[in-house]
Structures are given as C-alpha cells and as structure tokens.
Amino acid sequence: RPPAPPPPGAPTARILFLTDLHWDRQYVPGSAAACPDPLCCRGAPGREGPGAAGFWGTYGKCDLPLHTIDALLAQLPNGTGNGTGGFAAAYWTGDIPAHDVWQQSRGDQLRALRTVTALLRARLGPLRVFPAVGNHEATPVNAFPPPYVRGNRSAAWLYDAMAEAWQHWLPPAALRTLRAGGFYTAQVWPGLRLVSLNMNFCSQANFWLLINATDPAGQLQWLMGVLADAERDGEKVHIIGHIPPAHCLRSWSWNYYRIVSRFEGTIAAQFFGHTHLDEFELFYDEETLSRPVSIAFVAPSVTTYINLNPGYRVYEVAASYPGSSHAVLDHETFILNLTEANAAPPGTAPRWRRLYGAREAYGLPAAFPADWDRLVRRMQDDEPLFQLFWFHLHKGHPPREPCGAPCKAALLCALRSGRAADPALCRPLRPALPFPRVQQLWQQRRLC
C-alpha cells in the first residue's frame, strides 16, 4: 500500500535537519583560502580581498568557524536565539570536527563533540535532538572497530563521551546501545520511532571491516528486531545515519536494501548526510526493480567544504494522528550566500535565506518515492529541470565546469541507486556509458 497524502486539515510537523557541521577551531578570517594542505583558511591573518578567508566562511577547501554555526542556530524560528518555534524535533547526522585529520587527537575530537553539543543545547533549548555518529568523529578518521574489540583500541572513549553529552536528549535504553556500538532507537512522538544507525560499520574507508564486512556490530540484525517490533506495535520508523546506503560496502548495502524492502510499510523515511550535497537515493522492490518503495534523502552540509555555501534542511512530515504515514510531505533548503555575507559591513548579522522548496521547485504532486522516481525520468529529457537540480545539488554555488552528458548520466544513475554497485538500477535510464565508467565518475564527484 503506497503512502497516501494526509486528509485535509491533518496536522504536519517540521523537523530541523543538520549534518556535516565540521567546526574548524583554527579557522582565521583573513588567512590564506588556498593552500597545499587538505584544509585551508587557517594560520596567520593579514590578507584582504580575493584569496583571503571570509569572516563567515569561504568557497574552497575550508570548514567553518563556530560563529557561523552559532549564527545559523540563532536565526531559526522565533528569532530569539532559542529557536525551537515551529520544530517538533531535530535530526543531527554527525561529522562535527574539521577536515584536519592528519593532526587530530582524541582530545580534539571530544572537545568538538562537547563544544558543538553545548551550542545546540544553548540555542535549541528544550527541542529534542536525535544525533547520529559521523565518520569524522573518530581518530584516526573512519576508524571504528567492531564492539568486540576491547581496551585502548576500542571506540569506547568516543561512545561513552557521546552518551554523556547526549543524555538529556536520549532515554536510558538508547544510551546503552549507543555506548555499546554507536546506534540506538527512541520514540520521537506517539506512533513514530527513530532509529539512529552507525553507518561506519558499512564504510568503505573503515579498515576494521576487513575482519568482517557483513554485519560487524550485529547492527542489521538489531535493526530487523526493532522494525519487527514497530510493525507489530503499529509504529512508523524514521531511520537516520551519516553515510548514505549506496556509499556502503556491497554486502552490507545489499542486505540493508533487503531490509528496507521487507519493511517498506513500516519505514516512513530515511535521512542521511556525508556527501555535503543535496541529493537522494531511491529504493525499488527487489522482484522487478521498478516499483519505488522508499527514498533515502541526502541533505546538504552546514560546512562549505569544498566550494559550497553553508546550508541546512527542514523536513515537513505527517504528524501524529490515527493512521498517519509519518512520511515526508515536502522539504526546504536554506543557505547563507557567502558572497553577500562576507561583503556586508562588519557586525552585520548574516541573512540565511530559503533556497528552494522541493515540491514547488520540481513540480511534484507529493514527496513520496514514486514522485522522486518520476523526477529522475523527467530530468533525462528536460534539460532546464536538470540544470535546476544541479544548481540545488551544490547549494546555489555550482562548479564552473558544466555537467555534460557523462556527468548527467552518472548523477541520474546515482539517484536511482539505493544500493552499491548494481548496474541493473541504471538500465531503465538507458545510459550511454558502461557501468564501470559511471562508477569512476561517482568516485570523482565525492567531496568527503
């Protein structure tokens, strides 16, 4: 039974979605915006004009100063700096530290975790925040050993700190599995359950998974149990995580796809980050790969890395009422135009603005999986529509080089691919490129 639009007058709820904040505590306005290191805009100030790091952020290989993240939170609804008005919950899918991965210590990572968590608590007040673990939270980056690894090599130093920092948002049962493996479940409101996955247990960059890449933390087995209980109890489920499923190792990704297919009537929505771009991944029925059953929304990053405007997302979902689908009904993306913000007189508050609303921009009758599937097909032949999507994909600051035919084929294929390395998902698009070439283009497009 595909989801149906809510009846007229049915309540809706707005969910604030933040991902990939990447706070750089060494960001210095006026420092060099271009450098040979993987991360710039740090070091001695002294520059002005082109080539200098802007006060609010910079187009380039740069992350964000804390005052930009604070400005984002301060201007949320109510305008009081305690911006919970209009939001029912917040989902926060990780990547707190900056990209200076070659010089990070455990102390650096814990400082970032505690500083940004405290900022969210101060600015969002009583709003409940549901976090997920990103790949940059650990040091070395991407290194997340399975839970059976004990002692100093384990990730206990990180999970224990997270449980301590987030205890005011999460119930005791959620904190227990968070400490054990970095994942948890909790009720958002009556009828809606949230599952926060630790997607580092599927990451292609996590060398610990050479030991076991199938289900190294028993997380997929646990997920099936949570979904079965929710199905029995008549609950709907939102899944959040950092790394999108198609970016995962093949065995994990395909098993996850099977779980989504099995519980399509229970999983109301999926939300991810990590790529820093504004995109999505569609899931189809396993028998024919033609009927859209779910969609993983991939929201744009707060950070500018690389060459982007800062941004965040707000989802409108069906709220709590008898028979609610709890599905996503629409979403809006907000950005800070860095050119304007940095050119304003010192002391001027930055103006975050709505970049677009999904249904309005793309002419969607609804925001269910079938609507996004039709959008991908429409973009094949409607070039202005595709170019609009390309503009939004990069938060209003697209690369100078245009997206030609090979780039377009690879991107549309990615939007249809909810699981890794499956050429069958691309065939309905009649791509002119062989699938290995499509995969090469995917790798080039990954910023993070």
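The backbone N, Cα and C atoms fix where each Cβ goes, and this holds for glycine too.
What TrEMBL records for ASP20, HIS22, ASP95, HIS276 is Zn(2+) 1 binding site. Positions annotated as Zn(2+) 2 binding site by TrEMBL: ASP95, ASN135, HIS242, HIS274. Under the heading disulfide bond, TrEMBL lists CYS35-CYS40, CYS41-CYS62, CYS202-CYS248, CYS403-CYS407, CYS413-CYS426. The annotation domain 'Calcineurin-like phosphoesterase' is assigned in TrEMBL to 14-276.
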Which residue, of the disulfide-bonded residues CYS62, CYS403, has its CB surrounded by the fewest other CB atoms within 10 A? CYS403
Where among the disulfide-bonded residues CYS35, CYS202, CYS248 do you find the Cβ with the fewest other Cβ atoms within 10 Å? CYS35
Give the distance between the Cα atoms of CYS202 (disulfide bond) and HIS276 (Zn(2+) 1 binding site), rounded to the nearest whole Å. 18
Based on Cα distances to HIS22 (Zn(2+) 1 binding site), point out the closest of the recorded positions CYS35, CYS62, HIS242, CYS407. CYS62
Binding-site residues (ASP20, ASP95), the one with most neighbouring Cβ atoms at 10 Å: ASP95
Candidates CYS40, ASP95, HIS276, CYS403, namely the recorded positions, that fall within 10 Å of ASN135 (Zn(2+) 2 binding site) by Cα distance: ASP95
Tell me, if you would, which residue among CYS40, CYS41, CYS407 (disulfide-bonded residues) has the fewest other CB atoms within 10 Å in the structure shown? CYS407
CYS248 (disulfide bond) versus disulfide-bonded residues CYS35, CYS40, CYS407, CYS413 - nearest by Cα: CYS413
Under 8 Å Cβ to Cβ from CYS426 (disulfide bond), same chain, six or more residues apart: give me those in sequence order, or none if nothing qualifies. CYS413, ARG416, SER417, PHE435, VAL438
Across all chains shown, how many C-beta atoms besides its own are within 10 angstroms of the C-beta of HIS276 (Zn(2+) 1 binding site)? 27
